[in-house]
């Protein structure tokens, strides 16, 4: 945000709108898996988040005296909205997603200067704000065995029927952490992964395929050159290495690296969050460092911290470091020797 | 004696133009910590007003006797003595509130607002002016902390005047939002205080910018004593 990379500039084709549209297309495989596994309630969440984001965007553009059409149609607000909807629990009450999205757009994006100026990733800011403020609601994920018809899901989101704890379960990451804590050393990870309902073939039951969907969409974005390889590889690489090291050291206490790669928000974070061109680092080496450190932090927070997943906090903490990273990773000016 | 114009200017500076929280951005530590509700903010501000008024008078009266080189330790001694009095008073009379405000009452000693006014104003002005300046600066802090505390309390928990029964046993807190309001915890945490304080500062700047735009020909307001 504060430092720009040095010339020569190579211009990619297409505008902000085109890039954002392709990011949205990249999210579709993950969304498809999500709908297939957990029902259509996510579509309603996506819709509500989109409407809230566009309304918030329009309001702030009007207050700031900016052209409405140009910024409303660039799609950046919709990308933020979709990321929020995918990161939040699918049966969360409507006001949670609407409030979170409005916070992301109004506070995290526009109060810092709008598109291109925000130091923090808006979607992750919304997630952090909501998980700090409403920890119970943000940790209620529907159990996969639970079959609710669409009408019941909609009534739950609208808050018309009371929330019952039976309907919801923890995320696979949370379940693992809680079981280990309650077991006091009497349980070990391989047994838990093999026996508990919530775990599937290689990660959380069902969720693993949503993660595969994000991976497919992310690889497509990389192949289309919308995102670089540095940030995702740094993120997944450091998470994998840290998980592998601890797993080799003590497989009884720590889940295997594959589980961590396909659990929680890892894949969504790797390809759609740490690749954010605004709040992330701008230089190539900086992106690698940014992703690497975010992966380390995400693993530490999710395994040793009190929150179900650590991606949001890791990304926000690394966003704070971006000016520093950018300063130390400036490439030499074209034609000049590197002075350092 | 204090002239009408001086009176007006000291008052306007304290309450608005040099507002301790919105312009000088002083005393952020108690601001963040105690404005989780309106009553705490108001009561800490009242304690600060008492300390500031008396400390300003004391320093202004002694300003010709205090050696310039050691003025800061002398100021701190005077302020510390007064804060101890207020601290004991709160402990004796409003014990429950004292437990809530806790360390922040003794910490008024180190509060930069008090020291700033003593150093920048009372040390250079007669006692009556200094007393009025202390009160007005305190009122500026009072309404800001009250507004911030009220907003944080309302957004964070949907109530207003929580804890009022610690000051007036006959009164009850108001439940302004419906009882099933889930509460927005962030507003009660320090980040919420920072975000809301930022909004208040932006609001003040907006009000001033609008006022300045309306009267383009008028001379800029004298900002007074230059803290």
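Note: Cβ is positioned from N, Cα and C throughout, glycine not excepted.
Under the heading FMN phosphoryl threonine, TrEMBL lists A:171. For the recorded site, residue A:171 (FMN phosphoryl threonine), the DSSP three-state label reads coil.
The transmembrane segment annotation in TrEMBL covers A:20-37 (among others).
According to TrEMBL, the transmembrane segment annotation covers A:43-63 (among others).
The transmembrane segment feature in TrEMBL is assigned to A:94-112 (among others). Outside the transmembrane segment (A:94-112) by six or more residues, the chain places 45, 48-49, 52-53, 55-57, 59-61, 64, 77, 80-81, 84-85, 88, 118-123, 125-127, 129-130, 134, 137-138, 157-159 with a CB less than 8 A from a CB of the stretch.
Residues or ranges marked as transmembrane segment by TrEMBL: A:124-144 (among others).
Here TrEMBL flags A:229-249 (among others) as transmembrane segment.
The transmembrane segment annotation in TrEMBL covers A:255-274 (among others). Through the fold, the transmembrane segment (A:255-274) approaches residues 23, 26-27, 30, 83, 86-87, 121, 123-124, 171-173, 176, 189, 193, 202-204, 207-208, 211-212, 214-215, 217-219, 221-222, 227, 231-232, 234-236, 239-241, 243-244, 247, 280, 290-291, 294, 298-299, 302, 308-309, 311-312, 315, 318 of its own chain, all at least 6 residues removed from its boundaries and within a Cβ separation under 8 Å.
Nonlocal intrachain contacts for the transmembrane segment (A:286-305), taken as residues 6+ away from its ends with a CB within less than 8 angstroms of a stretch CB, comprise 173, 177, 228, 230-239, 242-243, 246, 254, 260, 264, 266, 269-270, 274, 280, 311, 313-315, 317-318, 321-322, 325-326, 329. According to TrEMBL, the transmembrane segment annotation covers A:286-305 (among others).
Residues or ranges marked as transmembrane segment by TrEMBL: A:311-329 (among others).
Long-range neighbours of the transmembrane segment (A:311-329) within the same chain, counting only residues 6 or more positions beyond its ends whose Cβ lies under 8 Å from a Cβ of the stretch, are 1-3, 87, 119-121, 124-125, 127-128, 131, 264-266, 268-269, 273-274, 279-286, 289-290, 293-298, 301-302, 305. For residue A:171 (FMN phosphoryl threonine), the number of other Cβ atoms no farther than 10 Å from its own Cβ, over all displayed protein chains, is 21.
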